[in-house]
Amino acid sequence: MLEIKYVRENIEEVKQALAKRAGKADFEGFARAEKKRRELLQQIEELRHQRNTVSDEIARMKRNKEDAGTSILEMRTVSDEIKTLDKTLAEQDDFIQQFMMAIPNMPHPDVPMGASDADNTLEKKVGTPRSFDFPIKAHWDIGEDLGILDFPRAAKITGARFSLYLGSGAKLERALINFMLDLHTNEHGYTETLPPFIVNRESLLGTGQLPKFEEDLFKIEGQEYYLIPTSEVPMTNIYRDEVLNEENLPIKFTAYTPCFRSEAGSYGKDTRGLIRQHQFNKVELVKYTTPETSYQELESLLANAETVLKRLGLPYQVVTLCSGDLGFSATRTYDIEVWMPGQDKYREISSCSNCEAFQARRANIKFRRAGQKKLEFVHTLNGSGLAVGRTVAAILENFQQPDGSVVIPEVLRPYMGGKETITNETR
């Protein structure tokens with residue numbers, strides 16, 4: 001959430017920033033509510049002053065044993081008027097709060113302007129895509145031919161956009177999870193967490209999925225609980241409504257969790273394979289930082305995610321998202337896109353974002369500098385380190401062999417009992 005004082009004083013700048021995101025908001029309604037709120041506050045203040053004056057007059061009359069009935073009636077009338085105005089004020093405050101919760105973060109000044117992913121800026125390419133001298137297959141065909149992925153039976157068990165891993169497929173997924181967690185905890189200094197996979201409404205409000213994106217979530221019927229769309233949500237809410245000490249920052253968390261997304265609006269997109277699933281595994285990275293170090297920490301977060309791909313030997317590129325492609329809570333985002341030869345394109349495998357104080361303001365996460373009484377909002381950052389299913393897909397496509405087998409990246413072999421190649425396991 002943006003600071004309301006900033007929005008009040010810079011309304012045109014906020015309008016322009018929202019326009020760069022191709023977003024819409026009821027700024028006229030906000031202005032009316034703000035005007036009405038100021039009028040109500042003035043009226044309430046005047047009535048309270050009147051009530052206090054009458055109260056003092058009643059006390060004086062009682063001391064002098066005078067009849068205070070008329071004054072008492074006047075005070076009750078004034079009190080009733082105050083209650084009515086307080087109710088109207090609460091309605092205006094609620095409208096303003098809902099307006100503020102629906103406004104996305106402001107793009108960083110360095111973010112390129114644009115309307116869609118076609119306007120994103122390429123930062124770098126790492127690794128050279130492999131040349132194949134045999135027909136390339138997509139990962140869904142490779143996995144099914146090897147007997148390690150079974151999409152038809154997953155659909156039978158649940159429905160579309162679910163996957164069933166078998167044998168070495170399941171081991172490869174688990175190996176990647178363990179490798180990523182070991183890398184981020186042992187080398188990158190993150191603290192491993194195992195958070196709940198179900199969160200309450202307040203948690204999703206804090207990170208920005210609610211109220212605007214409820215249709216993208218899986219809600220538990222009859223409860224104010226939701227399945228997590230990413231472990232960014234529980235990890236960012238660990239310190240909700242708390243005050244941290246500057247000396248403990250940055251705080252760096254990582255977690256493996258399944259993630260659940262309804263993929264509303266994705267009909268017809270990536271209907272095959274592991275790219276767009278209702279349930280998928282992800283290793284997530286979250287940081288709490290001071291404002292002055294958050295962009296340095298963003299570069300570090302990006303490097304941490306890149307290291308996974310470098311160790312696996314997968315070619316990738318990094319792009320900066322344009323204003324129209326930014327996520328709701330982010331002010332700047334890097335996407336890492338891995339090369340998928342079976343699809344002849346780069347596909348997103350990680351998003352690394354700085355949300356500055358946007359989430360911290362919504363979740364009320366503050367810190368205190370040494371020797372200072374004033375509290376400040378932390379900056380929060382998050383990034384995938386990495387999306388596990390998409391990494392499996394990239395391994396299958398990049399390391400496929402002419403005989404249909406797949407070479408296991410060397411760094412994963414200790415996690416797979418020394419196995420070097422996945423061969424046909426069809427049952």
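If you go along the chain as it appears here, the first residue is 1 and each next one adds 1.
Cβ from N, Cα, C; glycine included.
In sequence order, Thr207, Glu284, Val286, Asn382 are the residues of the chain that are 6 or more apart from Glu232 (L-serine binding site) and have a CB within less than 8 Å of its CB. DSSP classifies Glu232 (L-serine binding site) as helix under the three-state reduction. The L-serine binding site feature in Swiss-Prot is assigned to Thr230, Ser231, Glu232, Glu284, Ser384; the stated evidence is sequence analysis.
Secondary structure at Ser350 (ATP binding site), taken from DSSP and collapsed to helix, strand or coil, is strand. Counting only residues at least six positions away in the same chain, the Cβ atoms of Ala305, Asp335, Ile336, Gly383, Ser384, Gly385, Leu386, Ala387 sit under 8 Å from the Cβ of Ser350 (ATP binding site). Positions annotated as ATP binding site by Swiss-Prot, on the basis of sequence analysis: Arg261, Ser262, Glu263, Glu348, Ile349, Ser350, Ser351.
In this view, the densest Cβ surroundings among the binding-site residues Glu284, Glu348 belong to Glu284, judged by other Cβ atoms lying within 10 Å. Using a 10 Å radius centred on the Cβ of Ser351 (ATP binding site) and all shown protein chains, the other Cβ atoms total 20.
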